[in-house]
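> Would you mind keeping the following structure in view while I ask a few things?
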């Protein structure tokens, strides 16, 4: 049932870019400022470059088994119980990210436009959206991403462009923030910001033109790095890094400052529109990774019967953080729970590297035999 769906390479590219950039609407710019002061944009730029290396290993594994996705490759290469453990790790990875972003987007909507609405109501509304999207299938979700994606990116670029007149280059000094060594160390930590690229390892067999899969990953990471870097830089140049550290959602505050004479104001209405579609597509993609990884770990042909049970579990996990602050800490982008950030990177980039080494060793052993 999973293999019946097919995705064009353009749709896959747009879906991946949205997954990798949705965090800019949350506390991501603030977390960068907390880590690297004025050099947050350099940190995310270096992290994006490092994530390209991780994609090379993931693509190398996928290229050896073009008919299989990462979960199936893990079971084929490592065998029974080890393959199942890897499959469950990938399932938990996607499920936890879905729950985490569900909670953060719900909290952000309450703070921005619905201050008196219970958190559970907003979360259930988003949950209904991602359940419906997955009942339709990843093919429909990717087409929606391709349909709205270019307009969403164009609107975001417009917001950044209108914010430029208020930017001050002095605010991104000292350029290297806390120092060269710390910026480099934090950039390795921020590789977790690109961990969602792992979804490409799940949907790779569904992409019609297999020769385009490598480009989808490379272009997706490059575009996401540029977008994340641009927003991180413009936020600091408008507010300075000290003020950015105190803003929960810097991108929302940025949109509120934009005005063009007396005729173009209140741009946050456009921002909320962007917010909603970006969140819906990202949550739908991550949730798809959860249910399909679980289904393929236990060799279940159709993932759709798993949608409602997994949705209940995702909702329950999203309610565990006691506050927005704790939900932000669970994202692993702050020093309080840094081990979570390394865990995301370990699953997204460590598992493909492990499988690549495993296949390399098996190939040499098989050749010698």
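Yeah, the Cβs are placed from backbone N, Cα and C, and that goes for glycine too.
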> Can you say which of 246-264, 303-321 is given as transmembrane segment in TrEMBL?
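Transmembrane segment, as annotated by TrEMBL, spans 303-321.
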> Six or more residues beyond either end and a Cβ under 8 Å away: which residues meet both conditions relative to the transmembrane segment (341-361)?
51, 54, 57-58, 60-61, 64, 70, 73-74, 77-78, 86, 89-90, 93, 97, 189-192, 194-198, 201, 331-333
> Among 12-32, 184-207, 269-291, 303-321, which stretch has the highest count of C-beta pairs below 8 Å with the transmembrane segment (144-164)?
269-291
> Okay, the transmembrane segment (184-207) and the transmembrane segment (108-132): do they have at least three CB pairs under 8 Å, pairs separated by 6 or more?
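Touching, no - the transmembrane segment (108-132) and the transmembrane segment (184-207) miss the threshold of 3 or more Cβ pairs under 8 Å.
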> Look over the recorded stretches 38-61, 81-102, 184-207, 219-243, 303-321 and say which has the most C-beta pairs under 8 A to the transmembrane segment (12-32).
219-243
